[in-house]
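Quick notes on the structure that follows.
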Amino acid sequence: MGLPWCLMSLFFCGILQSHASERCDDWGLDTMRQIQVFEDEPARIKCPLFEHFLKYNYSTAHSSGLTLIWYWTRQDRDLEEPINFRLPENRISKEKDVLWFRPTLLNDTGNYTCMLRNTTYCSKVAFPLEVVQKDSCFNSPMRLPVHRLYIEQGIHNITCPNVDGYFPSSVKPSVTWYKGCTEIVNFHNVQPKGMNLSFFIPLVSNNGNYTCVVTYLENGRLFHLTRTMTVKVVGSPKDAVPPHIYSPNDRVVYEKEPGEELVIPCKVYFSFIMDSHNEIWWTIDGKKPDDVPVDITIIESVSYSSTEDETRTQILSIKKVTPEDLKRNYVCHARNAEGEAEQAAKVKQKVIPPRYTVELACGFGATVFLVVVLIVVYHVYWLEMVLFYRAHFGTDETILDGKEYDIYVSYARNAEEEEFVLLTLRGVLENEFGYKLCIFDRDSFPGGIVTDETLSFIQKSRRLLVVLSPNYVLQGTQALLELKAGLENMASRGNINVILVQYKAVKDLKVKELKRAKSVLTVIKWKGEKSKYPQGRFWKQLQVAMPVKKSPRWSSSDKQGLSYSSLKNV
C-alpha cells in the first residue's frame with residue numbers, strides 16, 4: 001500500500017505544480033470557520049465554498065464538470081499534502097462535499113483546503129481544524145456556544161447542537177445530559193428529553209456549562225458525540241428599561257481650584273436586552289471631547305450582574321483644570337435599544353475663603369493666656385475672692401436665727417492654749433472681725449453644772465471652733481465633752497458647723513470622734529510667727545469658715561492697725 005500512496009502523492013503534487021501558474025480564486029485561510037472537535041470522536045466537515053463563497057451547490061458544480069479536491073497542511077508545516085483516503089476502516093473519507101473523520105486523532109490538526117476546478121476554472125478556500133482533548137468533566141479549550149434564558153419566564157428548551165447528518169433518522173441514539181461533571185437526574189427545574197433539555201422557570205442558579213453526550217452505532221462501531229454549551233440566565237424583556245445614569249447627578253457638585261485635577265465619572269446602568277448595543281459618551285459644550293482644545297483623558301470600564309445587567313463607566317479627567325474649563329458644560333449621554341438618557345455634571349470653581357491664620361493664632365493664644373492667668377489668679381487669690389463675694393453679696397446668717405454667739409471656742413485648759421485663745425483668737429475675731437465669741441471660762445457663771453452649761457452654750461452658738469493640740473486629746477477633759485457635743489449637734493440637727501484649728505500637731509489620735517472629724521473636715525493650721533500677720537492666709541481661711549456677718553464697726557485701716565498692734569504684743 002505504501003508504494004501506490006507515494007505514487008499518488010507525487011501525482012497530486014504534479015497536478016498542483018502544473019496548475020500553480022494558472023489563475024485560481026484563492027479565498028485564503030478562513031479563520032472565522034475554525035472547526036474544533038474532540039479527539040476520538042467523529043467529525044463531519046462541509047466544504048465552505050458552497051456555503052459562503054459560491055452561488056451554486058455541489059450537485060450543480062459536479063454536473064458542470066467541476067471536480068472537488070481535498071488537501072491539507074499539517075500543524076506547524078508549510079507543505080501541502082493530499083489527504084490519505086485509504087486508511088484502515090476508512091477513518092478519513094469524502095462524501096460529495098463533506099469530509100468525514102471516523103474518528104479524529106490529535107495529529108489530524110491542521111489547515112484543510114477544498115478546491116473546486118476544471119480546465120478553465122479554479123476556486124479554493126482553506127479552514128483550520130483543531131482536534132482537542134477533553135477531561136472527565138468535559139473541560140477543554142474549545143469556544144463554547146452560549147444559550148441565554150430569560151429569568152423566571154416560562155419553559156425554555158435547548159437542543160444538543162451540531163449532531164445533524166451524523167446518523168440517519170432511523171437510528172435512535174442515546175443522549176445523556178450533564179451539568180458540569182454531574183449527570184442531570186431529578187434536578188429541581190431541569191429535565192432532559194432526548195436531544196432537548198427543558199428549564200422550567202429558569203433561575204440564576206441554572207447558570208453553568210451543560211454537556212450532551214450522544215452515543216450511536218454505525219457499521220458495528222460505537223461512536224460518541226460530545227457537545228458542551230454555556231447557559232446564562234438573563235434579565236427578562238419585561239424588565240427592559242432605558243439607560244439609568246447614576247453619575248453625574250444633581251446632588252454632587254464638582255468644586256475645583258484652577259490647577260487641580262478634575263475627575264467626573266459617567267456611570268450608567270443598562271438592563272439586559274438581547275442584541276442591544278449599549279453605549280455611553282461625553283460631550284463638552286455640545287462637542288465631542290476630541291473637538292475641544294482641552295487635554296482630556298477618558299477611561300471606560302464595564303461590569304456585569306448575575307443576570308447580565310450591565311454597568312458601564314466612563315471616567316473623564318483633566319489633569320490641570322483651568323478657569324475656562326470650570327465654566328464648560330460636561331454632559332454624560334447613554335443609549336440602548338429602549339431609549340436614550342443624558343445628565344449634565346455640576347462643575348464650578350471653588351470659592352476660597354479668606355484665611356485668618358495670624359488672627360486666629362493670636363486670638364487662640366490670647367484665650368489660652370487669659371485662661372492660664374485666671375487659673376493662676378484663682379489658685380493664689382481664691383480666699384480673697386470668696387471674702388470679697390461674702391462682703392458684698394453674702395447673706396447675713398445672724399439675722400433671726402435665734403443664736404446668741406457666733407463662735408464657741410473649745411480648747412485644752414492649760415496656760416499656752418489659754419493665752420492663744422484669749423489673746424490671739426479673741427483679740428482678732430472679736431476686735432477685728434466683730435464676731436461674738438463664747439469662751440466657757442470667761443462667760444460661764446460660778447456654781448453652775450459644767451455639762452449643762454457647756455451644752456447650752458454650744459446650742460446657742462453658730463460655729464464650734466476646736467483648737468487642736470496634744471493636750472486636747474486627753475481622756476476625760478471638758479474639751480472632749482465640747483467636741484462630742486458639737487459633732488453630735490452637727491450630725492443630728494445640722495445647726496452648727498465645726499471648725500478645726502491645729503495649734504500644734506497631734507501625732508496619735510486615739511479619740512475616734514476627733515479621728516472622724518479630721519477625716520471629713522478641713523483643718524486650718526496655725527504656723528506661729530507666719531500666721532500672726534492679720535492679712536495672712538490663716539486668718540483668711542478662718543474668716544471663710546466663719547458665719548457671714550455684716551459688721552461696719554471698723555474701717556479697713558483701723559482694722560489693720562489694731563490687729564497688727566494687738567498681735568505684735570502676743
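Glycine residues also receive a Cβ, built from the backbone N, Cα and C atoms like all the rest.
Small disclaimer: the values here were computed from a predicted structure and weren't measured.
Among the features that Swiss-Prot reports, signal peptide is placed at 1-20.
The annotation domain 'Ig-like C2-type 1' is assigned in Swiss-Prot to 21-128. Restricting the average to the domain 'Ig-like C2-type 1' (21-128) gives a pLDDT of 88.
Per Swiss-Prot, topological domain 'Extracellular' is recorded for 21-367, and the stated evidence type is sequence analysis.
Swiss-Prot lists N57 (among others) with the feature N-linked glycosylation site, giving sequence analysis as the kind of evidence. DSSP assigns N57 (N-linked glycosylation site) to coil in the three-state reduction, placing it in neither a helix nor a strand.
For N107 (among others), the entry in Swiss-Prot reads N-linked glycosylation site, with the evidence type sequence analysis. With a 10 A radius on its CB, N107 (N-linked glycosylation site) counts 10 other CB atoms from all the protein chains.
Taking Cβ-Cβ distances under 8 Å and a sequence gap of 6 or more within the same chain, the neighbours of N111 (N-linked glycosylation site) are L29, W72, T73, A126, F127, P128, L129. For N111 (among others), the entry in Swiss-Prot reads N-linked glycosylation site.
All chains included, 11 other C-beta atoms sit within 10 angstroms of the C-beta of N118 (N-linked glycosylation site). Positions annotated as N-linked glycosylation site by Swiss-Prot, on the basis of sequence analysis: N118 (among others).
Mapped onto DSSP helix, strand and coil, the domain 'Ig-like C2-type 2' (141-230) counts 3 helix, 48 strand, 39 coil. Summarising the annotation, Swiss-Prot assigns domain 'Ig-like C2-type 2' to 141-230.
According to Swiss-Prot, the feature N-linked glycosylation site maps to N157 (among others), an assignment based on sequence analysis. A sphere of 10 angstroms centred on the C-beta of N157 (N-linked glycosylation site) encloses 13 other C-beta atoms.
According to Swiss-Prot, the N-linked glycosylation site annotation covers N196 (among others), on the basis of sequence analysis.
Sequence-distant contacts (6 or more apart, same chain, Cβ under 8 Å) of N209 (N-linked glycosylation site) comprise F138, L144, K179, G180, T228, M229, T230, V231. Positions annotated as N-linked glycosylation site by Swiss-Prot: N209 (among others).
Per Swiss-Prot, domain 'Ig-like C2-type 3' is recorded for 243-348. The helix, strand and coil residue counts that DSSP assigns across the domain 'Ig-like C2-type 3' (243-348) are 6 helix, 59 strand, 41 coil.
As annotated by Swiss-Prot, domain 'TIR' applies to 403-546.
As annotated by Swiss-Prot, region 'Disordered' applies to 550-570.
Among the features that Swiss-Prot reports, compositional bias 'Polar residues' is placed at 553-570.
Among the features that Swiss-Prot reports, phosphoserine is placed at S557.
Contacts of N196 (N-linked glycosylation site) defined by a Cβ separation under 8 A and a same-chain sequence distance of 6+ are given as N157, I158, T159, C160, in order along the sequence. Touching of the domain 'Ig-like C2-type 3' (243-348) and the domain 'TIR' (403-546) is ruled out by the presence of fewer than three CB pairs under 8 A, sequence neighbours closer than 6 excluded. Assigned with DSSP, the residues of the domain 'Ig-like C2-type 1' (21-128) fall into helix, strand and coil as follows: 20 helix, 47 strand, 41 coil. Taking Cβ-Cβ distances under 8 Å and a sequence gap of 6 or more within the same chain, the neighbours of N57 (N-linked glycosylation site) are F50, D97. N107 (N-linked glycosylation site) sits 31 Å from N118 (N-linked glycosylation site), counting Cα to Cα.
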